[in-house]
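A short write-up of the structure that comes next.
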Amino acid sequence: MNTATGVIALLVLATVIGCIEAEDTRADLQGGEAAEKVFRRSPTCIPSGQPCPYNENCCSKSCTYKENENGNTVQRCD
C-alpha cells in the first residue's frame, strides 16, 4: 500500500468514526436523552448586589431598584 492509499484509508476511517459519534450526541428537539447529553445547564443565580434583569435569576429571588455610583436607578439583587 503506498502513501496516498494509506492517507485515503485514514480519511475514510476518520469520517466513519466521526459520523458514529455525531449520531450519539445529536440534538433531540423533543427534549429526550440526547438533549440532556448536549445541553447541560447548571443551576446558577445572580449574587446580591449585582444587576438583575429578572427576579427569578437572583439567588435571593428578589430584585429591587437601587441607585448606582452614577446616580442612575438600576435593578439589583437583594
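Start at 1 and count along the chain as shown; that gives each residue its number.
Glycine too: its Cβ is placed from the backbone N, Cα and C atoms.
What Swiss-Prot says about this one:
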{"type": "DISULFID", "residues": "C45-C59", "note": "disulfide bond"}
{"type": "DISULFID", "residues": "C52-C63", "note": "disulfide bond"}
{"type": "DISULFID", "residues": "C58-C77", "note": "disulfide bond"}
{"type": "SIGNAL", "residues": "1-22", "note": "signal peptide"}
{"type": "SITE", "residues": "P51", "note": "site 'Critical for insecticidal activity'"}
{"type": "SITE", "residues": "N68", "note": "site 'Critical for insecticidal activity'"}
{"type": "SITE", "residues": "R76", "note": "site 'Critical for insecticidal activity'"}
**Study point:** Greatest C-beta neighbour count within 10 angstroms, which of the disulfide-bonded residues C45, C52
**Key:** C52
Point to revise | Those recorded positions, out of C45, C59, R76, that come within 10 angstroms of P51 (site 'Critical for insecticidal activity') at the Cα | key: R76
**Study point:** Cα-to-Cα gap, C63 (disulfide bond) vs C45 (disulfide bond), nearest whole Å
**Key:** 12
Study note, to complete from the structure: Sequence-ordered, the recorded positions among N68, R76, C77 whose CA is within 10 A of the CA of C59 (disulfide bond) come to C77
Practice item. Rounded to the nearest Å, what's the C-alpha distance separating R76 (site 'Critical for insecticidal activity') and C52 (disulfide bond)? Just drop the number here, would you? Key: 5
Revision key, fill the gap. The rounded CA-CA distance in Å from C58 (disulfide bond) to C45 (disulfide bond) is 5
Point to revise | Those residues of the chain, 6+ apart, with a Cβ under 8 Å from that of C77 (disulfide bond) | key: I46, P47, S48, G49, Q50, P51, C52, N57, C58, C59, S60, S62, C63
Review point. Any idea what the Cα distance is from C45 (disulfide bond) over to N68 (site 'Critical for insecticidal activity'), rounded to a whole Å?
Key: 21
Exercise for review: With an 8 Å cut-off on Cβ-Cβ distance and a minimum sequence separation of at least 6, pull the same-chain contacts of N68 (site 'Critical for insecticidal activity'), or say none.
Suggested key: V74
